[in-house]
């Protein structure tokens with residue numbers, strides 16, 4: 001009798017947990033991709049841990065606090081590692097609706113991942129989309145801060161240069177008006193030969209040799 | 001006696017100014033593309049030949065004219081012949097068009113530079129969609145770098161007709177770029193000269209750092225091998241030679257008037273022959289240097305993408321056939337594929353369409369030029385490097401240095417003739433003239449920050465300078481050799497610098513270079529005529545890729561206007577001078593007939 005019951009239970013369980021069964025989910029693990037040399041072997045103990053995590057997640061759902069590890073059924077474990085699982089109700093005749101299982105897993109996804117040292121990519125629940133972490137947006141975009149700094153520096157430098165240019169020009173305008181006459185003559189008659197300015201004799205402090213210039217001898221006598 | 005003209009503080013500043021002007025973004029983003037298209041290492045042969053036949057002679061000519069006449073482009077050509085003032089005006093108009101759109105590149109450079117301080121880089125991840133279950137659709141279809149460029153930076157519209165609103169972020173960056181240009185040219189050569197120390201040397205330093213780092217990247221060697229395997233058969237392709245000639249021409253900045261403007265601030269006894277040769281050689285070697293760096297990075301990016309592609313195929317097969325995780329690697333992929341095809345033929349044929357054919361060659365073959373290279377391809381490579389923020393900052397800093405160096409050359413080319421003209425400089429000080437020029441350019445440049453702005457940018461980039469500059473250079477050479485007289489120019493130069501003119505320069509100026517330019521000009525004209533309607537690349541957000549569209553009539557009209565407004569200046573200038581001379585001669589015809597007959601006609 002007991003054997004019959006055992007076979008019956010197994011048969012029902014096999015019916016409940018099948019690929020593409022109602023309320024069944026496929027799970028895929030990529031342990032070697034995630035951990036490389038430190039990868040652990042997927043055995044029945046790991047499966048037990050998985051069942052425990054799923055049961056734990058279901059217990060957090062209101063009205064499902066009585067979920068036990070034995071209510072989680074695994075089947076079709078492949079080499080990949082991938083398998084299907086369902087969660088049954090305490091009577092073990094029906095499976096719990098997929099929506100409840102989905103929301104339970106999503107809420108505890110992080111803890112399930114951590115239990116296996118995996119992340120959302122290496123521990124995949126097909127048909128349960130993971131909530132992607134929103135990108136961290138700083139209150140003020142960083143680029144505006146850098147832009148503001150550079151902008152202020154450029155404005156300050158430009159203003160300084162313009163002001164100093166105006167000041168220089170004002171100084172230049174005041175300066176030449178005083179010594180305008182003599183300076184003008186000088187500027188107009190500076191000639192450059194071989195890069196050396198030749199100063200004209202009559203204005204640049206040259207000395208006129210009086211020996212050769214006497215009024216008497218301007219007209220040669222007969 | 002003329003008022004003493006501003007001068008460079010030392011000849012090195014002049015040299016660095018010319019180098020800054022010549023070494024620009026074209027060396028980084030056009031030369032590597034041409035190398036890739038026309039046979040890798042063997043492209044250097046037409047390039048060097050064109051440099052000798054066309055680049056160096058024209059550069060020497062412009063520097064000599066500017067140095068000898070000691071005026072900007074308008075004054076210099078008017079001195080050569082009063083009928084040629086139009087050449088100077090045409091130069092100025094072309095440079096004005098170029099400076100309108102060129103600074104927008106600097107604005108984009110600033111945008112990317114400021115965003116490089118973010119961790120992670122904003123173009124390395126796709127943003128999430130509205131309900132946080134996946135990524136934005138446009139980003140999924142294209143790549144994250146393309147999405148950041150087309151959507152976040154440009155916010156591009158689907159076609160040129162839909163103008164859209166002005167984007168305030170690029171507009172702010174454009175204003176900053178123009179403020180920076182104004183800051184540098186404010187005081188004339190006194191301030192600009194010092195800036196050129198940085199804009200000429202820093203890009204080479206950054207390129208050197210990139211070279212050393214780039215060569216150590218995984219997969220860089222693939223890119224370098226691809227570059228240096230010469231494809232000799234490209235040497236007989238006429239397009240290779242034409243593109244080499246064009247690249248030499250535009251890369252050296254001939255015909256824009258900036259070289260004449262720079263040389264006008266020189267000491268008349270300066271040996272500009274030496275400078276012309278040095279600048280041409282440095283420009284060429286920087287192009288080659290930049291190509292090596294670009295191809296090292298191409299190799300890295302191609303290898304990265306190829307290995308990613310292989311991983312995706314492996315994952316697909318592992319998941320579909322439930323193979324053990326980690327059993328499938330790149331080395332046994334082919335064997336396993338054959339085994340699976342034979343053992344599970346039906347399932348394999350289901351999976352097969354989804355498997356991409358991964359090929360390193362096809363990754364390397366994607367040839368990109370222009371803004372796409374800098375802002376999409378390079379950023380994609382940078383996001384995969386270690387310490388990507390540092391590399392990104394360095395790269396965009398280098399791009400900005402190159403861009404600002406060229407902008408300073410353009411701005412000087414516009415402002416020098418304006419400050420030379422007595423009419424304007426009597427009423428307005430130099431600072432106000434520079435400020436007005438920058439303000440007008442900035443105001444017009446805001447058009448390029450609209451949603452369709454990138455399409456207008458492409459129009460200006462492709463059509464504003466190409467034909468006009470060729471014509472200007474042709475008229476310049478003919479003017480100096482035949483209107484002014486080659487012998488007279490030679491004796492002028494000898495008197496000023498003390499060096500005799502080599503027969504090589506005379507031969508080039510008199511026959512080879514003009515013939516070459518005429519050939520180029522004819523080729524471009526026939527190309528424009530034969531292709532019929534002009535097309536452009538528009539970004540399709542729904543597909544996540546570029547599509548070809550025809551230009552609408554108003555865009556074609558603007559293209560025609562761009563080309564016509566600069567080329568027409570030459571004949572109109574000559575016509576205007578002719579009319580004015582007739583007018584003057586008519587007034588003076590009563591009295592001093594002998595006086596006007598005695599008056600020497602210059603040119």
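Using N, Cα and C of the backbone, Cβ positions are placed for all residues, glycine too.
Because TrEMBL annotations are produced automatically, they should be read as predictions rather than curated entries.
The transmembrane segment annotation in TrEMBL falls on one of the ranges B:136-161, B:240-265, B:318-343, namely B:240-265.
Among B:222, B:271, B:283, B:441, the residue that TrEMBL places alongside B:22, B:23, B:27, B:251, B:402, B:406 at the Na(+) binding site is B:283.
TrEMBL assigns the feature transmembrane segment to one of the listed ranges (B:168-186, B:187-205), namely B:168-186. Among the ranges B:507-526, B:527-546, the stretch that TrEMBL annotates as transmembrane segment is B:507-526.
Contacts between the transmembrane segment (B:43-61) and the transmembrane segment (B:277-298): present, as 3 or more C-beta pairs lie under 8 angstroms, all at sequence separation of six or more.
Contacts between the transmembrane segment (B:82-102) and the transmembrane segment (B:393-415): present, as 3 or more C-beta pairs lie under 8 angstroms, all at sequence separation of six or more.
Against the transmembrane segment (B:277-298), stretch B:12-31 shows more Cβ pairs under 8 Å than any other of B:12-31, B:240-265, B:555-580. Beyond the ends of the transmembrane segment (B:507-526), by six or more residues, the same chain brings 50, 53-54, 56-58, 61, 242, 245-246, 249, 466-467, 470-471, 473-474, 477-478, 480-481, 486 to within a C-beta distance below 8 angstroms of the stretch. Simply put, out of B:207-228, B:240-265, B:463-486, B:555-580, B:240-265 has the most Cβ pairs sitting under 8 Å from the transmembrane segment (B:393-415). Long-range Cβ neighbours of residue B:27 (Na(+) binding site) (same chain, at least 6 residues apart, Cβ-Cβ under 8 Å): B:251, B:283, B:286, B:287, B:290, B:402. Sequence-distant contacts of the transmembrane segment (B:463-486) (same chain, six or more residues past either end, CB-CB distance under 8 Å): 58, 61-62, 65, 77, 80-81, 84, 87, 90-91, 93-94, 97-98, 101, 249-250, 254-256, 506, 509-510, 513-514, 517-518, 520-521, 524-525, 559, 562-563, 566-567, 570, 603.
Sitting within 8 Å of the Cβ centre of B:22, B:23, B:27, B:251, B:283, B:402, B:406, and not among those site residues for Na(+), are the Cβ atoms of B:19, B:20, B:21, B:24, B:25, B:26, B:252, B:253, B:286, B:287, B:405. Every protein chain considered, the tally of other Cβ atoms within 10 Å of the Cβ of residue B:23 (Na(+) binding site) stands at 31.
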